[in-house]
């Protein structure tokens, strides 16, 4: 009988047996060793290297069609068609995962399946709004693109996201494509984001394959990476993190490759340094995360008493540190406050909740505590998180037993164990989304750990189709629940009727876009404009106006809008902010904002906001002398306050 550890003795009997099975399977030396029957089947399939790929691509197209139906259902019935969206994504993911478990699929087929799943999930995101960007972060970068295209220079001011022009890697690539192809910025941005997605997936596959020497485990690990909460939506957006993740994955693959080549290692190392430079100027968070991973990789190399020069991790980390410090010091000084402030707020908020001083935020609801998430979505999210968190320790144990003398997989095992800790920030009011920001990076390790767990627990020589089906169902739950959690509130994800203060298709609508294009055509660019958080995105991009914001201008303009009457103190605010135009959306009075504020995060009026802003407050400008109404579309009214501000200055 196997010896039982003291820790194992503390567990109930069935858990002791389960733990014993896991340890035994984790120690299996060759889980990928084939039986003669499987080997003959694999040889027979090599003449048809595409295997199931055409059929799976057809199923992916069917899944996309189901998601399109869900969007049409939401628009035409004013109901939530999100069930069809997730059903379509399940059709895309599930059969592909099942095939990747097969030991007889060819390497070409596995790569094709991963590309197909990656592209069709991306197409599903696009059909939520095919003609325009729909999420807040995309508009920040669209403004930077427009500034580069219009001026021919980098580092123009962007008051909506101050650090966006300071990390112009994404915009440089997109502007080059836009200039060479003649497409508009939105189309070029969609192409760049999609291409970045494929580069990231292929790099991860090659990285995992380099570590495991198995195309099967690499395919499973890569598709498991797709179960992270940011994959479907946030990492499919036109944002600098999308390209930053691709650069980071390329760096890791190159460095893993340098450990096995006999010749050309120096050129590969140089390529990793060049890619590191591209990452440094593309995205701050990706840069700092991957530098941290490289440093940890080098430390584990040293702990294993292996020569650091063999891996290249230490040298690349040193190059990255020098470039990052230089870039922040010379170009991107504001990024320090931009990153440190929300981290401090999140950590202090978590400390308050744990100590009992503060209260946890509303789970499965918007910022106002309303719009509860449907029960079936809650269950999917909870099951997804539970399956992931419970599987990670077993995956890390399998990584330890199989790769204990290799630095990179050991680092992945250690990083995977940190994943549950990063999710603790979900209990606090965390506008910056710290948990969501951490996940796409740490999940590179989580995907590897879970794939190792699957390969060790269910070796291919004994894998039955019923076991493969069970694993597929569990992985599909993780995929759907994780991406449900990362895709934001269910009531704003799908297209449909307008909602106040969201970040999705129901907030950014054609009426606002038409008002913004009118301002550019009739009023010209770069006028100082004050408006709500949604219209500032559209006015700043389609209208190319200079948006007045609290973070950039150090003044809150919200009191001008909230007040029932227009008085002299409001004129002082307009003068201090040098505002020329007010853009007022009358629809703000129809409901509370989903994000808990109408204008600026932290605005004083939002602290005790229990009823919507009044219609009287929004229409008071009609009767004020020297304020001229220059545009009125019914819902959106634009006021010229230049005469009032100038008259007050003279008096």
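Glycine too: its Cβ is placed from the backbone N, Cα and C atoms.
Annotated range for transmembrane segment in TrEMBL, selecting from 440-458, 497-515, 516-534, 535-553: 440-458. Contact check: the transmembrane segment (440-458) against the transmembrane segment (187-208) gives at least three Cβ pairs closer than 8 Å, residues 6 or more apart, which meets the contact criterion. The highest tally of CB pairs under 8 A with the transmembrane segment (465-485), across 49-75, 375-400, 407-428, is held by 375-400. Residues 22-23, 25-26, 82, 86, 227, 364, 409-410, 412-414, 416-417, 419-420, 423, 446, 448-453, 455-457, 474, 477-482, 484-485, 490 of the same chain, all 6+ positions outside the transmembrane segment (375-400), place their C-beta atoms under 8 angstroms from a C-beta of that stretch. Cβ atoms under 8 Å from those of the transmembrane segment (187-208) belong to residues 110-111, 114-115, 118-119, 122, 126, 133, 138, 141-142, 145, 170, 173-175, 177-178, 181, 217-219, 221-222, 225, 235-239, 242-243, 245-246, 249-250, 252-253, 256-257, 444, 447-448, 451 of the same chain, restricted to positions at least 6 beyond its ends.
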